[in-house]
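Encoded as structure tokens, the structure appears first; notes follow it.
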């Protein structure tokens, strides 16, 4: 019965997943935990569906980050000419390792808007930006779905009851979501980058 309900809910899931991923990633610093949504639906997906859903979510998330990028370019208009000249050199330096940094932020729970807005201000090459974000988001969305699928199958094997295993899985996902939201990722990243995390 539960599986039938989810089947009906997800008949139009592709546009829904795209929109959730897009909206979540287009709001600066305050995003909907779209990866947890992917984890929740993962038990109902076959392998080929997992790949398709991951790609759809990655496209939506990447386009959302384009919005963040253009917020940065909009802020550029408020800067002085001296600051713009300084950012020109920032862009030149960032070209050497920027693609990897963008990919790393996109493929992890790091607060990526912290990086993307300055890149928009500096007018980092948009095509390189989108490609790096898309590759990173593809990795993180597929990993989220895969880990959710494995965890769900393991719980189902241990409990032997679809309804009970789903309830446990949903509760664990909810707790994890709350933990992710409550943790100050920016502070942790800043402390780690300064070598103060023991």
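Heads up, the Cβ atoms here are built off N, Cα and C, so glycines get one too.
Taken from TrEMBL, the feature domain 'VTT' covers 49-149.
Per TrEMBL, the feature transmembrane segment maps to 16-39 (among others).
Long-range Cβ contacts of the transmembrane segment (51-72) within its own chain (Cβ-Cβ under 8 Å, at least 6 residues beyond either end) map to 13-14, 17-26, 28, 34, 38, 41, 45, 106, 112-113, 116-122, 126, 129-130, 133-134, 137-138, 141-142, 145. The feature transmembrane segment is assigned by TrEMBL to 51-72 (among others).
Residues or ranges marked as transmembrane segment by TrEMBL: 97-117 (among others).
For the transmembrane segment (129-151), the list of distant contacts is 21, 25, 35-36, 38-43, 45, 50-51, 53-55, 57-59, 61-62, 65-66, 69, 98-100, 102-108, 116, 119, 169, 172-173: same-chain residues at least six beyond its ends, Cβ to Cβ under 8 Å. For 129-151 (among others), the entry in TrEMBL reads transmembrane segment.
What TrEMBL lists as transmembrane segment is 163-181 (among others).
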